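So that you can see what the record holds, here are the features copied from Swiss-Prot:
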type     : residues : note
DOMAIN   : 24-131   : domain 'Ig-like V-type 1'
TOPO_DOM : 24-563   : topological domain 'Extracellular'
DOMAIN   : 141-244  : domain 'Ig-like V-type 2'
DOMAIN   : 246-332  : domain 'Ig-like C2-type 1'
REGION   : 281-304  : region 'Disordered'
DOMAIN   : 337-426  : domain 'Ig-like C2-type 2'
DOMAIN   : 432-512  : domain 'Ig-like C2-type 3'
REGION   : 532-554  : region 'Disordered'
MOD_RES  : 608      : phosphoserine
MOD_RES  : 616      : phosphoserine
REGION   : 625-648  : region 'Disordered'
COMPBIAS : 631-648  : compositional bias 'Basic and acidic residues'
């Protein structure tokens, strides 16, 4: 080959190399087209289309690739309209939808957020890229406040709270709020530090720590965090619960607090405590002014720093003061003195202390008491509670025996409800013993054990004796009254003689006779309310009008068993009589039902053996008292017994 030809070949080769190196317009590499964006939530199915939604063409012959590190990895083939999975991580999650142009990816995970390529074997169809974006809502955020507390005097930022949002994708955004207002980064005031952790599932766990310098006004501040995230459906957010953080600050003021609030009285349970406007509460001491020296002396308190007055008394009144010591700042504060007033009523005194008076004379009773408040006095009868008068003096004129007994003087403070004191005084009216009845009957059964009671009143206090043997017990309802109960066996001798109780004192005596009546089958007692038993009888002084003594009635002997026996016997007698009449009628000895009439002559009517005693336990309003030494006078209520005869 000649030299010219070699030169031409060399130049041609050089030109080709230069053209290849420099590039030729029209032969540049085609850029990657903008991919279609497909969004799906974790766990759902993503639909990947091989071309725009309105694109037309034959997609019966396509290949699907995964773009990974600029490499194309075949994952699925479509041949003649049928899908064929390729081995790999997507082998069991890919399938064709209704259209061969749509590839379905099931059970989407965060790892599926990649670029996919669809290549058609038809020359007219271009390569189509699909970008899959995956989303997952985080769980409800949790927040943990600083439980140790933050002191306002600290200059450095202290951790306020920590917010955690788990299992979200992509990483959510966190916002902090105080009292519903968003917090922003502020130098030397607010700092927010967030970090993320990638779980094995590909999801993110976000942790955000809020640090700040707090002030006293933040003691009740509400802090919470908010997570903002996006889903295919749009933007969303989740809020944590609100928390408060203990804020410590020194006290500026201390004061005394007393419970209960209001007027106090002796006997109340009173609690004295110290309080400040600081947090935490400092150490307290409670001092009380000594009235004799004028100095403040420390009082003994419990482990909580409380001074308990249980019960409150008069000497607890006085000036109290609190002192606080802040161990953090070593500052001592004192409260204003508080005057504690315990209202009281002193012991009540009645003069004379043991009054005695003759019947018909007058008596003056005086009541005295002391209090720091205005007093009111009231006089009452102890037994009945009857109000006799108001004022410190009670005047009794032309007294009778019924005026004897106990009187109550009550001194009260109207301004302080429940504050009062009382004193009893026993008034003695000289006189011989008196009783309600001269004679009383009681129905008994032979060989039964009977309790007989006898009551008498007088001044001096009488004594009671019995004319029969038995076990007697006594008790005194009041200084002028005595009640004696005799336990005795009912014998024929006792039925014949009865029982007598005699009350006597230095001024005379009085006697009540108890007549015992034996209950038999022929004795009926029609009204059990009049004679109510077989075991007990009470004989007591009768109460006059306006009297202050009360008659004590004990149960009387019962006769229900006897009445039942009598009814049964009568029923049996009637049954036998009816049977006899029926027998004679059947034998034809009775003219009943025949034409002949015969007169039946009855025997003469005889008096019934049944006697019913009608008794009354109620005595007249006014009854003459039985006078012992002045002669025996029958009580108006004892007018003899009334009988109703039952005849055939």
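Any Cβ shown, glycine's included, is placed from N, Cα and C.
Only pairs six or more apart in sequence are counted, and the domain 'Ig-like V-type 2' (141-244) with the domain 'Ig-like C2-type 2' (337-426) gives fewer than three Cβ pairs under 8 Å, not enough to call it a contact. Over the domain 'Ig-like V-type 1' (24-131) the predicted model carries a mean pLDDT of 83. Taken through DSSP, the domain 'Ig-like C2-type 3' (432-512) splits into 6 helix, 53 strand, 22 coil.
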